[in-house]
Structures are given as C-alpha cells and as structure tokens.
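> Next up is a structure, given as structure tokens.
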Amino acid sequence: MTKLIAENPPVFKEQVTRAQAVDCFERQGEKFKSTRLMEIPADEPVSLCHLKQFTDGFNGPLIPDLRFLKNMKLLNVSGAYWQGEASNVQLQRIYGTAWASKKQLDGWLEKTAEAEKRDHRKLGRELDLFHFQDNAPGAVFWHPRGWTIFQSLIAYMRSRHEVAGYVEVNTPDVMDRSLWDISGHWDNYRDHMFTTQTEDGRRFALKPMNCPGAVSLFKYGSKSYRDLPVRLSEFGKVHRYEPSGSLHGLLRVRHFTQDDAHIFCTLEQLEGECKSILHLVLDIYKQFGFEEVEIKLSTRPEKRMGSDTDWDRLENALSASLEAQGLQWSVNPGEGAFYGPKLEFVLRDAIGRDWQCGTLQVDMNLPDRFDIGYIAEDGSTKRPVMLHRALFGSLERFTGILLEHYAGKLPAWLSPVQAVVMTITDKQHRYAEQVLKTLRRKGLRCETDLRNEKIGYKIREQTLARIPFLLIIGDAEENAARVTVRDRTGKCMGTLLLNEAADCIEMCCRPPEVRLD
C-alpha cells in the first residue's frame with residue numbers, strides 16, 4: 001500500500017451492464033464476484049472501480065487521489081466463510097483504515113483499543129457471566145452472575161410497566177403454521193424461522209416474533225372502547241435463524257428475549273399513548289446512563305398498505321408526540337415498514353459509539369390480518385390501532401451494550417455481586433459469616449472471600465471482578481463490631497459500625513426509583 005500511495009496511479013470508475021461486469025470478473029477468475037452479480041436484476045447497471053490491473057465492483061464515492069490514504073494502517077487478517085455460511089469455502093479478509101490526518105488516525109486507533117478492552121465477550125469470560133458453545137450456535141449459556149444481571153433487567157422493567165399501566169402476558173413458543181399463515185410470516189419470513197413437522201403432518205414453528213401471539217390475546221373475547229387502551233407486555237423468547245458468520249456474542253444471536261409491549265388503542269388515543277411511551281423510554285435510558293439518545297422517524301415507503309390519509313394521521317401522531325415532549329428528531333424518508341411509520345431510538349455510549357435499540361412501530365397490517373376489533377361508543381365494530389414497542393430490544397443485546405458502556409463496572413444495583421466480605425486471617429471466619437447475614441438481611445447480593453491469601457491480593461482480585469463494595473475485617477474490626485469499607489475505585493469509605501455499613505451499602509444498591517408521573 002505504501003508503494004501504491006507513493007506511485008499514486010489514477011483510480012477511475014465506470015458504469016457497465018451486468019453482463020459486461022460478469023464477463024470482466026470471469027476473465028479474471030473472480031468467480032465469487034461474478035456469482036454475487038448474478039443476484040441483481042439483469043438490467044441493473046454495475047459500477048466498476050479500476051486501479052492499475054485491479055478491478056472491483058463499487059457503489060460508493062471515490063477519493064480523487066491515493067495520497068489521501070497516506071495516514072493508514074492495516075489492522076488484521078481473518079477468515080470469513082462465503083456468504084456467512086460455515087459449510088461454504090473460507091475466504092481471507094484483510095482489514096485496514098485510512099484517515100485524512102495522523103491525529104485522526106491515532107484518535108481512531110485509541111478509540112478502537114478502548115473498545116477492545118470493553119468487548120462484552122472478553123468481559124463475559126473475565127467476570128464469569130456467560131459462554132457460547134458450538135453445539136448451540138447463537139444461544140447463550142448464562143452463568144449465575146450473568147443470569148442475575150438478566151433477571152435484574154426484567155425485574156426493573158416489570159416495575160416500570162406496572163406503574164405505567166401494562167399487564168404482563170405470556171404466549172406459546174411453538175405455534176402451528178396456520179397462525180404464521182395469517183400473520184404473513186410463513187410466506188415472507190420462513191427462511192429465518194425454525195420449523196418442524198409432527199407425525200400427523202402438522203407444521204409448527206418456533207416464534208420469531210411475539211406480535212402474532214399478542215394479537216391473538218387481544219382477539220380472545222369481545223372488547224369495548226371502554227377497555228382501551230390495552231397495554232400488553234411480554235418478555236418473550238424468540239428464535240430467528242441468522243447466518244453463522246453474522247453471529248457476534250450477545251449482540252447478534254439466534255435465541256433471545258425481547259421486552260415487547262403491544263398497545264391497542266383508538267385513533268384518538270394514539271398521540272397520548274405515543275407521548276407516554278416516549279416519556280417511559282427516554283427516562284429508562286437515562287436511568288441506565290444513556291444521556292444522548294437520537295430519535296429517527298421513519299416515514300411511508302413507496303410500496304405500502306393503507307391510504308395516504310391513514311399515513312398522514314399516523315405520521316402526524318408520532319411527530320406531534322415528539323413535539324409535545326420538546327424533542328429533536330430526524331426523518332428517514334421512505335424507511336418505514338410497509339404497514340406503518342416507526343420511531344427508532346439510537347443510544348450513544350461512553351466512547352461515542354451509536355447503538356440502535358428501542359423502536360415504536362405503528363402497525364396497520366396485523367389488525368387487518370387477524371380481523372380484530374372493538375365495539376365503539378356508537379355500537380359499531382372498529383379496528384384498533386396497534387403499537388409495537390420494545391425498549392431494550394433484545395435483553396441479550398442490551399446486556400452486551402451495558403457491559404461495554406460501563407466497561408464491566410455496572411451500576412451497583414445491577415451488579416450481580418454487590419459486596420464481598422474478606423478476611424485478613426482465618427480467625428475472622430465466624431465474624432465474616434455474621435457480616436454476610438447482616439448484609440443479606442438488607443437484600444444485598446454478597447459473598448465472602450475466606451481464602452488463605454494476602455489481603456492485598458484479595459482486594460486486587462475482587463476489584464478486577466468489578467465488585468462495587470469490599471468489606472475488610474481483621475481482629476480490630478471484629479473486636480469493635482465494625483467493617484472497613486472500600487469501593488471499587490479504591491476509595492476507602494472508612495471503618496464503620498456493621499449496621500451503619502449495611503445501611504450505607506443498601507442505599508447505594510437500590511434500583512432507580514419508580515415514580516408515578
């Protein structure tokens with residue numbers, strides 16, 4: 001690359017037919033490129049990029065001069081399976097980056113090194129949270145500490161749902177093909193579904209989404225306008241087939257849990273429901289330490305169901321709810337689903353990376369497909385408006401994002417172990433058990449470290465384990481019924497009376513307050 005940049009040969013782009021592009025790559029022995037080209041329509045033009053004897057397909061803009069690449073670095077080499085499938089041939093992938101200035105390159109490399117330290121897969125091993133196995137690709141084996149984090153997220157969300165007027169439901173994981181025919185998933189999403197057939201010839205599928213189950217629940221029994229809005233929440237396990245090459249720790253899995261909610265309301269109630277959801281979503285993100293949230297409004301695509309009047313009402317309701325909260329947002333023109341507009345919530349983490357997490361989706365499709373309705377005030381049957389809302393998105397993915405955002409130092413209320421009691425010598429073992437019981441009576445998640453190791457070694461090890469509070473006891477502490485308390489930053493909080501220390505730690509480990517606004 002250095003030689004090429006110094007030589008600075010011209011780079012140019014040309015547009016050719018698909019047939020010409022295929023012929024070009026076949027003559028060069030580039031069978032994979034020619035195969036990919038056959039996947040696009042025959043009449044679609046193809047852009048080729050030429051650099052000396054090298055030719056490649058290219059759709060983006062070109063730099064005017066190779067000297068723009070002089071601040072570059074080749075990063076690594078890895079294997080990649082053709083089309084992301086492990087059964088296909090393995091190719092070699094070379095990673096590199098180039099920047100306009102050395103300062104920008106150094107800044108990017110520093111940020112990348114920090115991201116590697118925060119990699120949730122690395123933290124998962126170091127903190128004993130979870131693992132993956134080849135015989136269950138894309139499915140998480142949660143260890144006790146990791147499962148505690150997972151369950152704490154659910155418990156917090158349950159408390160927020162209860163105050164916000166949601167009722168929790170649960171729908172089957174496996175359902176007959178007939179349901180997926182009605183929802184449209186069998187025709188449009190079957191390649192991503194895990195299916196099976198029973199002895200009597202019936203076809204079943206593991207649910208890839210919770211929505212059809214929620215609509216089925218609403219449809220059961222008659223509903224009146226007085227019953228609306230109906231807010232159903234579900235921590236539903238879903239299963240989606242993702243190519244093996246795309247799986248990535250907790251961030252891209254095949255089996256995951258969604259914090260789904262489905263709201264059924266009248267058109268007149270829509271804006272109010274959207275306002276409530278926005279308030280809930282943004283407040284919860286703030287409680288998890290995400291102060292910067294970008295909101296995107298995706299509007300009607302070219303191919304869509306419903307009339308322009310329907311879309312006007314729905315898009316206006318979403319934008320009006322944003323305006324009412326005094327929020328800023330951007331518009332993604334034409335990026336909505338064919339069945340309704342949506343809001344996307346993008347979180348910025350501690351090192352400036354963006355993560356698309358929550359969504360608020362209006363759905364005109366499933367209410368029609370399942371023919372659901374409610375009795376209006378005038379006695380007629382009307383179709384409700386349906387909202388899909390996920391805040392975490394996938395609990396697995398959100399856990400991974402949190403681990404990277406906090407570099408493993410989760411807020412004390414979310415930490416799987418909140419305090420460790422450690423002894424200086426084995427003489428304090430009995431007192432350590434007394435301290436442990438006192439902390440547990442306060443509802444704290446705590447352990448003892450009674451190993452015959454130097455106290456400095458224990459402190460270092462438990463600090464690396466990101467334990468929020470360390471309680472150290474020796475003869476002096478035991479004789480005075482006290483404990484010496486340190487936090488994970490190394491700050492000594494003093495030698496406190498046992499009950500005083502327990503009260504202080506319990507206060508620091510309380511989950512965020514749930515308020516009825």
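For all residues, glycine too, the Cβ spot is worked out from N, Cα and C.
Reproduced below are the annotations present in TrEMBL:
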DOMAIN    138-411  domain 'Aminoacyl-transfer RNA synthetases class-II family profile'
BINDING   C211, H262, H388  Zn(2+) binding site
> List the same-chain residues at least 6 positions away in sequence whose Cβ sits under 8 Å from the Cβ of H388 (Zn(2+) binding site), in sequence order, or say none.
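C211, D260, A261, H262, T359, L360, Q361, D363 - these are the non-local Cβ neighbours of H388 (Zn(2+) binding site), listed in sequence order.
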> Across the domain 'Aminoacyl-transfer RNA synthetases class-II family profile' (138-411), what is the average pLDDT of the model, as a whole number?
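Summarising the domain 'Aminoacyl-transfer RNA synthetases class-II family profile' (138-411) by its mean pLDDT gives 92.
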> From the centroid of the CB atoms of C211, H262, H388, the recorded Zn(2+) site, which same-chain residues not already listed sit within 8 A by their CB, in sequence order?
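These residues sit around the Zn(2+) site: M209, N210, A214, V215, D260, A261, Q361, D363, L366, M386, L387, R389.
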> So for C211 (Zn(2+) binding site), how many other CB atoms are inside 10 Å of its CB?
24
